[in-house]
Amino acid sequence: MNSAEIAEEFKDVDFSQLERSLRHPRTFLSAALSCGTGIATVVACIPLFSVLVMLIWRGGKKLSLELFTALPPTAFEQGGGFGNAIVGTLVIVAIAALISIPVGVLTAVFLAEFGPDSRTASVARFCAKTLTGLPSILAGVFAYAAVVLATGSYSAPAGGVALSLLMLPTVILTAEEAMRMVPLRMKEAAIGMGCTKTQVAWKIVIPTAFPGILTGVMLAIARAAGETAPLLFTALFSNYWIFEEGQSQIMEPTASLAVFIYNFSGMPFENQIEMAWAASLVLVLMVLTINVSGQFISHRSKSV
């Protein structure tokens with residue numbers, strides 16, 4: 001039956017009774033709720049855009065190539081940069097990722113595939129969910145006691161250990177969720193072909209869930225990159241490069257963008273305050289880029 005035949009069949013039907021009056025209470029309530037949710041959405045976005053506008057206004061005018069290649073300026077020195085803080089941030093976050101990603105993914109494999117309903121899995125999930133609410137300063141205190149006191153020095157690895165504690169629960173929970181979304185028929189088909197449970201996990205589940213796992217990893221990295229309190233207890237700060245003249249200072253105090261902002265924002269000198277604004281803009285752009293990339297990967301994986 002085509003559209004013309006349908007129209008001909010219902011031409012004598014009066015649909016006016018099905019139309020709801022604009023004055024009807026339900027219609028008014030629906031419109032009010034739609035308007036309210038729209039306003040709430042705009043209000044929720046205002047803080048983010050306000051921060052971005054403020055950072056671009058205060059920090060954008062200071063951006064230059066020198067900022068990314070020079071060392072922090074002294075009190076009365078003009079110019080300078082925070083290149084060492086960018087490198088230090090990348091090194092510390094890389095160390096945290098090297099710790100948290102393998103541990104988190106392996107834990108997620110156990111929770112999703114090998115013992116999803118076991119008591120051990122329940123305890124592990126509870127611990128992971130508890131860690132998501134762990135104050136970052138406590139992660140710093142733990143890393144200070146476990147690494148700094150043991151090695152006798154503030155260092156990038158100590159900062160990496162602290163940040164890995166904050167990354168770990170995000171990696172575990174998102175990776176487990178991604179693995180649980182793998183279709184059961186794929187696993188059953190692999191088992192039917194003679195694959196062991198370990199082979200199914202490594203050759204079927206992890207590759208299929210990889211986009212979701214990667215999204216969780218990127219979100220965890222974005223969170224860790226902006227943390228300040230843990231690094232004050234572990235990596236501290238330095239005005240020098242972590243790699244200089246062919247030598248590594250990785251076991252020495254290490255600069256990071258978050259601590260650079262913390263230190264320079266309280267300085268009484270205009271040049272250093274402007275440096276803090278510029279560093280804030282760079283850090284926010286880094287975190288936003290990672291978050292947007294993670295959301296893009298997640299969206300692409302769901303649409304495939």
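Any Cβ shown, glycine's included, is placed from N, Cα and C.
Residues annotated as transmembrane segment in TrEMBL: 28-57 (among others).
Among the features that TrEMBL reports, transmembrane segment is placed at 85-112 (among others).
The feature domain 'ABC transmembrane type-1' is assigned by TrEMBL to 86-294.
Per TrEMBL, the feature transmembrane segment maps to 133-154 (among others).
What TrEMBL lists as transmembrane segment is 160-179 (among others).
For the transmembrane segment (200-222), the residues of the chain that approach it from at least six positions outside its boundaries are 93, 96-97, 100-101, 104-105, 108-109, 112-114, 166-168, 170-171, 173-175, 177-179, 181-182, 186-187, 190-191, 287, 290-291, 293-295, 297-298, 300-301, judged by C-beta separation under 8 angstroms. Among the features that TrEMBL reports, transmembrane segment is placed at 200-222 (among others).
The annotation transmembrane segment is assigned in TrEMBL to 275-297 (among others).
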Same chain, outside the transmembrane segment (85-112) by at least 6, Cβ under 8 Å from its Cβ: which residues? 68, 72, 121, 124-125, 128, 156-157, 159-164, 166-168, 170-173, 175-176, 178-180, 201, 205-206, 213, 217, 220-221, 224-225, 231, 235, 238, 241-243, 250, 254-260, 279, 282-283
Restricting to CB pairs under 8 Å, which listed stretch, 28-57, 133-154, 160-179, is in contact most with the transmembrane segment (275-297)? 28-57
Same-chain residues at least 6 beyond the ends of the transmembrane segment (160-179) whose Cβ lies under 8 Å from its Cβ atoms: 92-101, 103-105, 107-109, 111-113, 124-125, 128-132, 134, 136, 139-140, 142-144, 146-147, 205-206, 209, 211-213, 215-217, 219-221, 223-224, 227, 230-231, 233-234
